[in-house]
Amino acid sequence: MNPEANLIFIISLLLGTTITISSNHWIMAWTGLEMNTLAILPLISKSHHPRAIEAATKYFLTQSAASALVLFSSMTNAWHTGQWDITQLTHPTSSLILTSAIAMKLGLVPFHFWFPEVLQGSPLTTGLLLSTIMKLPPIALLYMTSHSLNPTLLTTLAILSTALGGWMGLNQTQIRKVLAFSSISHLGWMAIIIVYNPKLTLLNFYLYAMMTATIFLTLNTIKVLKLSTLMTAWTKIPSLNAMLLLTLLSLAGLPPLTGFLPKWLIIQELTKQDMAPAATLISLLSLLSLFFYLRLAYCTTITLPPHTTNHMKQWRTNKSTSTMIAILTTMSVMHLPISPMILTIV
């Protein structure tokens, strides 16, 4: 793609995100969401591969439907209350429609079917944008309307998302699909706590975005898209593969690493809210996703491939790892010891 065109799309993406996050009026928030959708479409379909075109079409149709529902929800609220302010979404029907629209935009169960397909048809860099920055505006809207959302509905969606995200990721061999189901599972953790402690949702999202960015950038560096090629990629940059192992375990939420922090805080908050059964259930369901993270980690570094493999060994590269990946990896692995400081900020 032409670098100038690429720059315009990236700037439009950032502008759309900023408009939605900083707006008070529903129409401005909707405009930002539309800008986001239109800016990402060329980035999804830039390879001109049939799968990429299919992914862009699916993305466009889903996001258009979700945007229409956002508009419908805000108009229903304005009709009943006379308020166009985002924080004044008080009508129960409007809240219900908005929750469905945001679930569709994020890819929460039962509106999750588009996300793995779109991520599979996109390049790794576009997949990174779809998994991180494109999730920010809908989460910001949930954050602003969190006081009027239905807790039972969100808890149900969250538990279903964690269950299906873990369950459907078990059998995948394409890494982008595994990361898509991982994203759906993490969104479940964010959705369950948004009503009770919205700041925890934001903290969870920031840490998730940081760890996912590390994984996508690492995979982009070693040029790996499926498990069979991941097995032989250790010969390229062994040190980077070792760090990828730690980042995957961090994303799984294992205790000495950064990813444990949001899970720990969410379980603590749910227990305070007398929701110990929900906390137990979502913790047990996250074991499903732990299995496929361990499978990825095993393929990454722990095992050497057998000699019968069909893939040739890759030559070790002399180029150094980018500073961005080094910083992100360090943060993805070592934030837990400074959690008291993070908690004072939150």
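Backbone N, Cα and C define each Cβ position, glycine as well.
All TrEMBL annotations are machine predictions without curation.
Annotation comment: TrEMBL describes 23-288 as domain 'NADH:quinone oxidoreductase/Mrp antiporter transmembrane'.
The domain 'NADH dehydrogenase subunit 2 C-terminal' annotation in TrEMBL covers 290-343.
Sequence-remote contacts of a segment are chain residues at least 6 beyond its ends whose Cβ falls under 8 Å from one of its Cβ atoms, and for the transmembrane segment (5-21) they are 28-29, 31-36, 38-40, 42-43, 129, 133-134, 136-137, 140-141. The annotation transmembrane segment is assigned in TrEMBL to 5-21 (among others).
Summarising the annotation, TrEMBL assigns transmembrane segment to 56-75 (among others).
Long-range neighbours of the transmembrane segment (95-115) within the same chain, counting only residues 6 or more positions beyond its ends whose Cβ lies under 8 Å from a Cβ of the stretch, are 33, 58-59, 62-63, 65-67, 69-70, 72-74, 76, 89, 135, 138-139, 141-142, 145, 148-150, 153-154, 157-158, 160-161, 163-165, 180, 183-184, 187-188, 191. According to TrEMBL, the transmembrane segment annotation covers 95-115 (among others).
If you look up TrEMBL, you'll see 152-171 (among others) marked as transmembrane segment. Tertiary proximity for the transmembrane segment (152-171) is limited to same-chain residues at least six positions away from its ends with a CB under 8 Å from its CB atoms, namely 96, 99, 103, 108-110, 112, 116, 177-178, 181-192, 194-195, 275, 278, 281-282, 285-292.
Summarising the annotation, TrEMBL assigns transmembrane segment to 178-196 (among others). Below 8 angstroms of C-beta separation, residues 103, 106-109, 112, 115-116, 119-120, 127, 131, 135, 139, 142-143, 146, 149, 151, 154-155, 157-166, 168-169, 172, 204-205, 208, 212, 215-216, 251, 262-263, 266, 269-270, 273, 278, 282, 285-286, 288-289, 292-293, 296 of the same chain, each at least six residues beyond the ends of the transmembrane segment (178-196), sit close to that stretch.
If you look up TrEMBL, you'll see 202-222 (among others) marked as transmembrane segment. Sequence-distant contacts of the transmembrane segment (202-222) (same chain, six or more residues past either end, CB-CB distance under 8 Å): 124-125, 127-128, 131-133, 135-136, 139, 143, 175, 179, 182-183, 186, 189-190, 193, 233, 236-237, 240-241, 243-244, 247-248, 250-251, 258-259, 261-262, 265-266, 321-322, 324-325, 328-329, 331-332, 335, 342, 346.
The transmembrane segment feature in TrEMBL is assigned to 242-261 (among others). For the transmembrane segment (242-261), the residues of the chain that approach it from at least six positions outside its boundaries are 182, 203, 207-208, 210-212, 214-215, 218-219, 286, 289-290, 293-294, 296-297, 300-302, 329, 331-336, 339, 342, judged by C-beta separation under 8 angstroms.
Here TrEMBL flags 281-304 (among others) as transmembrane segment.
Under the heading transmembrane segment, TrEMBL lists 325-345 (among others).
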Are there residues at least six beyond either end of the transmembrane segment (281-304) with Cβ under 8 Å to its Cβ atoms? List them, or say none.
158-159, 162-163, 165-167, 169-170, 172, 175, 178, 181-182, 185, 188-189, 192, 227, 230-231, 233-234, 241-242, 244-245, 248-249, 251-254, 263, 267, 270
For the transmembrane segment (325-345), could you work out the same-chain residues 6 or more beyond its ends whose Cβ comes under 8 Å from its Cβ atoms?
203, 207, 210-211, 213-214, 217-218, 221, 240, 243, 246-247, 250-251, 255-261, 265
Same-chain residues at least 6 beyond the ends of the transmembrane segment (56-75) with CB under 8 Å of its CB atoms are 26-27, 29-30, 33-34, 37, 40-41, 44-45, 84, 89, 94-95, 97-98, 100-102, 104-105, 111, 114, 117-118, 121, 141
